[in-house]
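Trainee: The structure under discussion is supplied below as structure tokens; questions concerning it will follow.
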């Protein structure tokens, strides 16, 4: 019984089951009101199946009728109560009756939750099952209850649907039918069949799961099995989207029925005939998808190209001169024939790709496809006929200008108008976006009829137009980009090519160097000349986009006020307005009702911001020290600095310099009444000395003038007053309480106060004595600061100070009697032995931390001379302070009170990554003798010093303790600097801490804070030292984690924070980790223990029968009372979670445990900062405001990449990434309006997404980039994505080249899959033309164009090779223009290659945020660190994987690993990773360049050759050397030798069945061709055709051999094959001999080798003697025949399926192994050479780790492994 009672008490966030419990959240009456509303069961008919208990509520009622699980019901009950109570708190104006749930809250929630359902009903033209009286007056009690029942039913359905949550319209279908059944129960229907009261069609225990979810789940599961782990073509199986789109037509009601017909063809998966095929879209693997999805773009490019060539062909100076002639006008009309042909192509592609959609149920689709093809063909015929009429007339009249010809041209144009009618309509609707949205969103039949022709009707993708203002903005942007591109293309690409083309076509009698099959014209050569130009022409919009978007992004950033405070100096200038800005933005205003939105307030706000930003009006004047604002500011500022200290990025001393002190009202001893704000010391440095020098200069000036001069600087005024007030307290404090000396000091100060009040100070005091006083004072403070010293020195210092003050300072000297009379000397005359202050000095005890802190502060103010721009020392701390302070001057919504803010959750998917570094991980050394800890200590040297200082303050005696009693502290310190779960959790839990602080400040009165802030500073110091010594290690960590402000909290703050924030980490395999006693499970438990708001969800597998398993979604937390982990919810699942991609499935199973209105998706490699967490409630307010014509559904958040400091590579990566997540996203959101969701810190409108398919898509393979599909889905369903830069989240990136390449490969493959997806197709067609361009060039287009750049290099080099070997080039040499034209193309190509166009956004963003000179300097240093090599290399990675995925598939999730990479990667590993993507391609290009150099007449002129090929050589060198340049110790001679041995062992390793590709070449070789096994017929054909290029070398070169003797006969080529067969025969003989004899009869093997060699020599001698064979031919022929062999191998791999059974395959494998050895040697040669050269290794280390060098680190030591042994 006790057990169940304990179970009953377990709750997640609030104990809904027990509203009388002692829990801080229950003090909100809204929570009780929401719970009460759910309990209003009233007179509902009780369910017949189970006994009804009095405490049951509406959810129990629903569960009893429909068979929902009890645990899921508990989960949704808390979900509902939390949401409704939060919504009620936010009501404005507040509800009249606090204890009852306000009807508007339920109504709004029902409308937002069921919005998608009502859209679905109206789309299908089905009557909604939500029966409510719409008029407000008749809204009765039962209606409110009914609305609650509808939302509860929806949430219960959603909460238990498991994988069906990815198919939102299926959930609509289920809800529609279940709500109908519920209506019948509510309306007391009688069942026709039984005559009894109506009962639902499914009921009983877990009935919903077993009878509704399970059948559909099983269908999806079977389909996934059909996909053969994602390797089957997408068209062969139904993914989540297909299942979902079945519910977009009425056939779901007719065929699937309700209760569901289990024999329905929808649920059949096996037999081809009966099952439902693909729905809505078929994903076919082909490059044609690019044309299909973005046809408008390609039509524009092709038509312009055609028109431009026609116009340029005339050869006039300007295009408009040509256009004036009728002939050119007539020729230009042919573009319409091209246009209609392209339309015809599009309709053919539609049929070719989508034919499998057609079934008996979707006949109209077929009709439309065929009709479209017929009409498109018809237009070609019509245009052809009309154009033929024009030509016919022209031929008759013999010129173009005759009237009849013109009339026929006009007729042609009339036809064009008809052809263009739909386009014109589209333009009209583009200009009037609201009409287009209205037409698309209405579900009237008549509009279906009208639009049926243009696009199939889909439920998504309707009404996507933006408002007029946004339209204008992005249209202007694109019009500028396109006009620049077309002008450039015409004058720089097309026009220069016309002359060489005409010249080539005019060449007659070319003497070909080989057997020419078509010798009559040079059209093939012309085609090759044009090919690279056309490729560049097709891709260079990307470059122009990149240039313009950089500047637009910078402009938008300027208007957003980014980068105004870049460093501490600028912060210093603005710090005095900083408090007001903080108050204005972070503190809620007392809002009058409805006063927030009106225009007047907005204008007021804008004016106020201007004042703050430019320091107009003096807002800081009000901040004088007694003001509440100052207290709030001090509390927040000090808390921020304190978190810096906890994170060890500032030292104790820096904390003192940065914090704001406050007066203490309670404690009379240490209460120092200081009349001004005590600004951080950093700001006051040097001010006092400047004031002194002013006083020296203005000796005779009156008081007012001197004071006026000093007050000109606010900080100076404060420094002077603070120093004076502090002295008033310090001097009496070091003298005994009742001594005479004390009263002398008092009197002296009183006298000065009176004189100052009368304004006579300069008259009565001698200002020249101030420097002396200053000196003596500093000496005194020097002594007092050193706590443990003898009092004599202090006495001497005091006496000296007294002497100066009395003798030199007063203008009219007084004798001793006067002094005694004035109370400034002791009564009894000072005798020789008893000096003044002799026995009166008594220093406060050393435990009085507050006193000594004040003394140190005064000492700093008096003595600091430097400007302290280097405080804090840590760059990260400086960056964070600068960003935080800058963000407060940016525009952000006002903060509501914590009670009234939107609640939100954070969700992090976690699988098996690092949680916390273990002792072993920190100590274990890699092969170079470097431990992770030593590496971190070196890279984060300052942080380490601060950590040691903090540990010593907490009582650590020696550093040895770090490995014993303080091990956890050490592990945490290291984990906070890696990419671990601990770091992410700490970062996200700052939200909780920030909310507690803000909740306290919202309700704190002046008295609370007055008492609080100083008490904290004293307690903070004393307690940390004393109490922490007594605590156990864990509680010590706890006490440090809990904030010191929390000592002031009254208790409700925790309640408010819990209501508003939950953090769920989806640790998918936590259950099995616990079972296996995995240390990670313990660490996760520890994280729950120290973080109250952290919840962990996991999937639990339970053995239920012999072979059966049951699966559960489980949520656990750590119960602080029971001191153990407790299970909160256990929701049964229909089967294993992972049907699709792992990460989205993991997110989806845990999303039912999140709470709140918003959900932030955070990845495992992220971090957050306390000061940023303070702004979260402002960010959530953005959901209220309109951006364009819609409110946002995703709020994009800026990221800061924190891994940039590890090595140059990490720097390049983070620079590229930073410009993408800041500038790139900013432009996409505004003005282009196509920002999707690119990853992690974005905040989703939770209820909007949970009813529309969740926060990512999960279909296997197609959704491999799961995140971006959430953005696509959002845009297609009419959401809006914005981007906000006043708040940022940290993010880690990969740091080693291999990790980076894996990441790039994953992203590129993901983009290859996106091209095939329905989302991209729909966006390409449903967005207007300009948004479609933005969308293309920022997603798949970017990768496509990267691939085009590589194709351009190929096209150019193969073209030149053809020209050189064929002899056309020699014939055309007389014509020089040729090369000039090519120069244009090449220059463009070089620009791209050097990564300049990826670098431009970086430079621009950098100059915006850090200043222009800084950014130029950064850019130059990056170039010196060979960033161009890196960008060229990564371009190769992207192009390779993107192209391969589109052709053959094979995209897979690549876990990149997130460790620190400073170890050397072996040659074999690099070879495995890059052989196919980089090395082989580079060797091919190098070979072409070499052959070209040998045989081209142009190449004889070295300069011309260099100019033509330098960029191509740069590419070759980058691709071959990249992995070694960026490999630590890449050029170490010993390592190189060792690496080569390792490589050879790997190649020859004869592993068994279980060998991995890391061990055996054979296994790797098979894996490298996996994609060819799964590819389709087209993929195989294309691959084969591409591989034929390797045979060209042989054809081209053999005619140049001496043995050919100048013959041009085709026989020469055929005879050259003998060489191939002979070489092959040699190889077979030797291989056979080795097999047979090598082991036993070795002498025979040697004999065979000997005979082969003799035979070879004989043949060569014979050839030399009897033919024109030259010895050089022997080497030249290698260039010809080696590629031939490679071509054979590549083609054999394509046909492996047929060859594998034959003996040919063995031979292919042996030869392939020889080729890989040869490639390895070719790649190794330059590496070996550079390793052998002295000094090269040091240079490489310098290039790779320059960041570290410039910070004075010993990287060389790290790499060499000479580490100190102190830590043992």
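Glycine residues also receive a Cβ, built from the backbone N, Cα and C atoms like all the rest.
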Trainee: I'm validating the feature mapping. Which of 1389-1411, 1412-1434, 1435-1457, 1504-1526 is tagged transmembrane segment in TrEMBL?
Mentor: 1504-1526
Trainee: Taking 335-359, 410-434, 435-459 as the choices, which stretch does TrEMBL tie to transmembrane segment?
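Mentor: In TrEMBL, residues 410-434 carry the label transmembrane segment.
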Trainee: If you check TrEMBL, which stretch out of 1678-1699, 1744-1765 is marked transmembrane segment?
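Mentor: Comparing 1678-1699, 1744-1765 with TrEMBL, transmembrane segment matches 1678-1699.
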Trainee: Can you say which of 1479-1498, 1539-1558, 1559-1578 is given as transmembrane segment in TrEMBL?
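Mentor: Of the candidate stretches, TrEMBL labels 1479-1498 as transmembrane segment.
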Trainee: Could you count the residues of the domain '1,3-beta-glucan synthase component FKS1-like' (145-261) that DSSP puts in helix, in strand and in coil?
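Mentor: DSSP classes over the domain '1,3-beta-glucan synthase component FKS1-like' (145-261) add up to 77 helix, 2 strand, 38 coil.
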Trainee: Mean pLDDT, the domain '1,3-beta-glucan synthase component FKS1-like' (145-261)?
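Mentor: In the predicted model, the domain '1,3-beta-glucan synthase component FKS1-like' (145-261) has a mean pLDDT of 93.
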Trainee: Go through 1335-1357, 1504-1526, 1711-1733 and flag the stretch with the largest number of C-beta pairs under 8 Å relative to the transmembrane segment (1479-1498).
Mentor: 1504-1526
Trainee: Does the transmembrane segment (1586-1605) reach the transmembrane segment (1504-1526), going by 3 or more CB pairs under 8 Å (6 or more apart in sequence)?
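Mentor: Between the transmembrane segment (1504-1526) and the transmembrane segment (1586-1605), which are separate recorded stretches, there is no contact, as judged by 3 or more close Cβ pairs.
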Trainee: So if I exclude everything within five residues of the ends of the transmembrane segment (1711-1733), which remaining residues of that chain have a CB under 8 angstroms from its CBs? That is, six or more out.
Mentor: 1467, 1471, 1475, 1479-1480, 1483, 1520-1521, 1524, 1530-1533, 1535-1536, 1540, 1543-1544, 1547, 1561, 1565, 1627, 1682, 1685-1686, 1688-1689
